[in-house]
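> Here Swiss-Prot flags His361 as active site, proton acceptor. Residues or ranges marked as UDP-N-acetyl-alpha-D-glucosamine binding site in Swiss-Prot: 9-12, Lys23, Gln74, 79-80, 101-103, Gly138, Glu152, Asn167, Asn225, Arg331, Lys349, Tyr364, Asn375. Here Swiss-Prot flags Asp103, Asn225 as Mg(2+) binding site, drawing on sequence analysis. What Swiss-Prot records for Ala378, Asn384, Tyr385, Ser403, Ala421, Arg438 is acetyl-CoA binding site. The region 'Pyrophosphorylase' annotation in Swiss-Prot covers 1-227 and is backed by sequence analysis. Residues or ranges marked as region 'Linker' by Swiss-Prot on the basis of sequence analysis: 228-248. Annotation source Swiss-Prot lists region 'N-acetyltransferase' at 249-453, citing sequence analysis.
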Amino acid sequence: MTQLSVVILAAGKGTRMYSDLPKVLHPIAGKPMVKHVIDTAKQLSAKQIHLIYGHGGDLLQQRLSAEPVNWVLQAEQLGTGHAMQQAAPFFADDENILMLYGDAPLITATTLEKLIAAKPENGIALLTVVLDNPTGYGRIIRENGSVVAIVEQKDANPEQLKIQEINTGVMVASGASFKKWLSQLDNNNAQGEYYITDVIAMANRDGYKVEAVQATNLMEVEGANNRLQLAALERYYQKIQAEKLLLAGVTIIDPARFDLRGTVTHGKDVVIDVNVILEGSIQLGNNVKIGAGSVLKNVVLGDNVEIKPYSVLEDSVIGESADVGPFARLRPGTELAAKAHVGNFVEIKKSTIGEGSKVGHLTYIGDSEIGANVNIGAGTITCNYDGANKFKTIIGDNVFVGSDTQLVAPVTVASGATIGAGSTITKDVAADELVITRVPQRHIQGWQRPTKK
């Protein structure tokens, strides 16, 4: 089987984005456009991925430092052919070279596999699409059904401008063929650029067969040159993700108001309300309910978990039949055991909450271990930070913590203890003790409220 290498063109500035960020780093579903293309290339088992970079190269390399790509500098942006010329020294004669674009993130491996399979042994295959309005695109010129050339919009004559089949820019040929044709490119055109599309005419001249494969989905080959186009790609991507989940049995109340910015696995009878955002790696058990406006990132939810509206969870694990929210925030390192309850306006960070325990409202729990069947009263704060270091609070099983309590870490409250409301706990509490630290109540008779003078 012939090996495959992929070239991704990613040197453009993206002037119409009006941004300091290189165009290909603008995100679709929370991931840079070019990263989508790299991931697709990986699905094709490419031997090597050559990434052509230019504008914003330092930032591009920084953001993609973990990617297994060969960085190829295009110091001057003199056209697509010029970009390919920079990568040509790395091409092996006997491998196939697939050319992709870093700002066209929705191309699928399935479509590219069809294109690669259609490539003649001695020839080139290119991906085309038919548009109702082809303005701005290179036109496919055919003679007797065969592709003989591609003419760019600015170089096309009036008759050629009527053609609706356009070039997507995606093509595949052997390394030897590309090297031969790239060495013969010139910039004798209206733009003064080196067009990769000129290799089609060269292939015909040399007697090579040119095979065209029509993409069936326009959005798959669409690029994003401005933020309006970027938003259109985002909406299409999210539509596809929602449809996949719906067909797999997930209820999404309004697919147009759902965003998936990562991957999700799920059980049966999951219900997702409107304006929910799922990021990173999400695992949902059976009968999970996620309320409106909630944001989940890298979260595991067990069976029968309910996330009530407008809750934010990150890097957290929620046990079966637990519930969270509304308006709760679970920060990284939070683990809730089965049947735990976290109510409104509660923030938890790097803490475990035991089975059946309740943190009802208006509470901060940080760097803590809380046992089973504990009740944390409203307004409780674990004071875990002294301005320099973090300290731990440990609460045993069956503890009752009254409202408006401050637990000054490091501190341990043993099982069965009761903390009276309004207490500030600075020392360890033994099992089954009652601790009250508030000032005794005083009654002042005959007191007069002050009046305005």
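Using N, Cα and C of the backbone, Cβ positions are placed for all residues, glycine too.
Each of these features: where is it, how hidden is it, and who are its neighbours?
Residues within less than 8 Å, Cβ to Cβ, of His361 (active site, proton acceptor) and separated from it by at least 6 positions along the same chain comprise Gly343, Asn344, Phe345, Val346, Ala378.
Residue environment of Asp103 (Mg(2+) binding site) contains 25 other Cβ atoms, counted within 10 Å of its Cβ in all protein chains. In the three-state DSSP scheme, Asp103 (Mg(2+) binding site) is classed as coil.
Counting Cβ atoms from all protein chains shown, Arg438 (acetyl-CoA binding site) has 13 others lying within 10 Å of its own Cβ.
Helix, strand and coil residue tallies for the region 'Linker' (228-248), in that order: 20 helix, 0 strand, 1 coil [DSSP].
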> Where Glu152 (UDP-N-acetyl-alpha-D-glucosamine binding site) and Asn225 (Mg(2+) binding site) are concerned, what is their Cα separation in Å, rounded?
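Cα of Glu152 (UDP-N-acetyl-alpha-D-glucosamine binding site) to Cα of Asn225 (Mg(2+) binding site) measures 17 Å after rounding.
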> Under an 8 Å Cβ to Cβ limit, what residues of the same chain, 6 or more beyond the ends of the region 'Linker' (228-248), are close to it?
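Here the qualifying positions are 17, 26, 28-29, 105-106, 219, 222, 255-256, 258-260, 264, 266, 272.
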> Translate the DSSP assignment of Gly79 (UDP-N-acetyl-alpha-D-glucosamine binding site) into the three-state scheme.
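Where Gly79 (UDP-N-acetyl-alpha-D-glucosamine binding site) sits, the three-state DSSP reduction gives coil.
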> Provide the three-state secondary structure of Ser403 (acetyl-CoA binding site) computed with DSSP.
coil
> If you skip the near sequence neighbours and keep only those at least six away, which residues in the chain come within under 8 angstroms of Ala421 (acetyl-CoA binding site), Cβ to Cβ?
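Counting only residues 6 or more apart in sequence, the Cβ neighbours of Ala421 (acetyl-CoA binding site) under 8 Å are Gly377, Gly402, Ser403, Asp404, Thr405, Arg438.
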> For Asn225 (Mg(2+) binding site), which of the binding-site residues Leu9, Gly12, Asn375, Tyr385 has the nearest Cα in space?
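Its closest listed neighbour, by Cα, is Gly12.
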> Give me the largest Cα to Cα distance among Ala378, Asn384, Tyr385, Ser403, Ala421, Arg438, the residues the record lists as binding acetyl-CoA, in Å as a whole number.
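Taking every pair among Ala378, Asn384, Tyr385, Ser403, Ala421, Arg438, the longest Cα gap is 22 Å.
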> Specify the count of other C-beta atoms within 10 Å of the C-beta of Leu9 (UDP-N-acetyl-alpha-D-glucosamine binding site).
29
